[in-house]
Amino acid sequence: MGRTVVIVIHQPRSSIFQMFDRLCVLSQGRALYMGVAAKSADHFAQIGFPCPQNFNTADFILDLVSIDSRTPESEANTAERVEKLARHFEEQSRDKMNNVEVQVEQPASQPPPKGRSIGTRRPGFFRQFGVLFWRSLRQNARNHVPNAITLVQSVLIAVLLGLIYQDIEMNQTGIKDRLGVLFFVTINTSMSAVFTIIQVFPAEKGIVSRERDSQTYSVAAYFASKYISEMPFKIFGPIVNGIILYWAVGLNPAAEAFFFFLLLLATLGLCAAAIGLAVGAWCPTQEVTFAVAPLIMIVFMLFGGFFIKVESLPTGSEWVAYLSPMLWGFVGVTTNDLRGLDGWECEPAASSNTSSAPGEQEDCNLVRECSTTGENILEKELDFAKYTRWEALMYLVLVGAGVLFVGYLGLVVTGNRYQPLSQERRFPRILSSRSRVAAGRS
């Protein structure tokens, strides 16, 4: 109920045609009949084109309104017939419109209330959300090729990283390798989610704008349904990637750390998807979106805490880092992996050979200052010791919620501003007839 279904029936037989309630006949872009289907044969008979007895009405109408282009003569004759049918219908419609008697609810001098539209009452928010959610979910599920590409990409990247970083050793060199792979996972998860969104969402905005102009649904219902329907597809890739990568690289073997790692990647993917929606909502075209989104993600990557510590940033620029989902994703995966992971070995420095006198040589093996516990690594290498993994997860959620709000504002602000179709604008002929009727009565 309440759904519009469009189908095509090729040459319906008589029993099927009798099931039609109303019929609209078009030819060459002009209307030839509009009304009750059962009365269509009588309409054409009155013009001089009766339907033969025991003949399918649908076939008769199709033959009557079609242009026969087999010969120039037949084409001219059928075109003249169609022109006659079209003129008759237009004159008939004009006469009906001029003679219509409408009960005027208010004086003609008073215009209808501003913004009032003709139509049924718009359904509530949850009804709108439900219909839009299932529509978007089905659309995403039908994108078999993009979904398959996402799966293959997640597996290939995980296998490649596993081959490069397999069995990272528990030494000082291994610390750098470990931090590198963790930050790469953060970048890959964020970038993949953003770019899969901006490839689709900006192109969808045109359809959404037209549906909004007709007041089909609210912006809030659409935006909420769009984001929630994207969730399963935005966490699928990161989870598959994380499951393979985690054990291939040899990260923290604790089961709790493994499942929290997957939770962090899923949350980071959803936060990055929110960024893609926000950028797409504010940018006017898909081309502009493709130019702006990479710039924003590069800035977030630079402020992600790997290339430079947050405390080392220029004064006044720290706020950019705190808005970066890559920072909180990196904080989360590093604290989850390193905290409680001790036993890191110190590497001796290279031998230093100095001669204080000819023939005299002194060898000394110096041990450089090194980090032997996960807490030391978080404090010295990253300055993340003050955070916990749960705090990082919380900040990711907050950043994602804030970005979603910005995206919602973008759809509201950048939406087309069209005046709702009022009675006067949609039915000028009827209103002009009302005016004439009112004038005649006065």
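From the backbone N, Cα and C atoms, a Cβ is placed for every residue, glycine too.
Annotation comment: TrEMBL describes 10-65 as domain 'ABC transporter family G'. Note on the domain 'ABC transporter family G' (10-65): mean pLDDT across this stretch is 85.
Marked as domain 'ABC-2 type transporter transmembrane' by TrEMBL: 127-336.
For 145-165 (among others), the entry in TrEMBL reads transmembrane segment.
The list of residues near the transmembrane segment (180-202) in space but at least 6 beyond its ends in sequence, with Cβ under 8 angstroms from a Cβ of it, reads 146, 150, 153, 157, 161, 165, 168, 226, 230, 233-234, 237-238, 241-242, 245, 249, 265, 268-273, 275-277, 279-281, 283, 285-286, 289-290, 293, 297, 300-301, 304, 306, 325-326, 329-330, 333-334, 337. Per TrEMBL, the feature transmembrane segment maps to 180-202 (among others).
Annotated transmembrane segment per TrEMBL: 233-251 (among others), in sequence order.
The transmembrane segment annotation in TrEMBL covers 257-281 (among others).
Outside the transmembrane segment (288-308) by six or more residues, the chain places 179, 183, 186-187, 190-191, 194-195, 198, 202, 275-276, 279-280, 317, 320-321, 323-327, 329-331, 382, 384 with a CB less than 8 A from a CB of the stretch. Under the heading transmembrane segment, TrEMBL lists 288-308 (among others).
Here TrEMBL flags 392-413 (among others) as transmembrane segment.
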Residue distribution over DSSP helix, strand and coil in the domain 'ABC transporter family G' (10-65): 24 helix, 13 strand, 19 coil
Contact set, same chain, for the transmembrane segment (145-165): CB under 8 Å, 6 or more residues outside the stretch: 177-178, 180-181, 184-185, 188, 192, 196, 233, 236-238, 240-245, 248-249
Non-local residues, at least 6 beyond the ends, that sit with Cβ under 8 Å of the transmembrane segment (392-413): 208, 219-220, 222-223, 227, 263-264, 267-268, 270-271, 274-275, 277-282, 322-325, 328-329, 331-332, 335
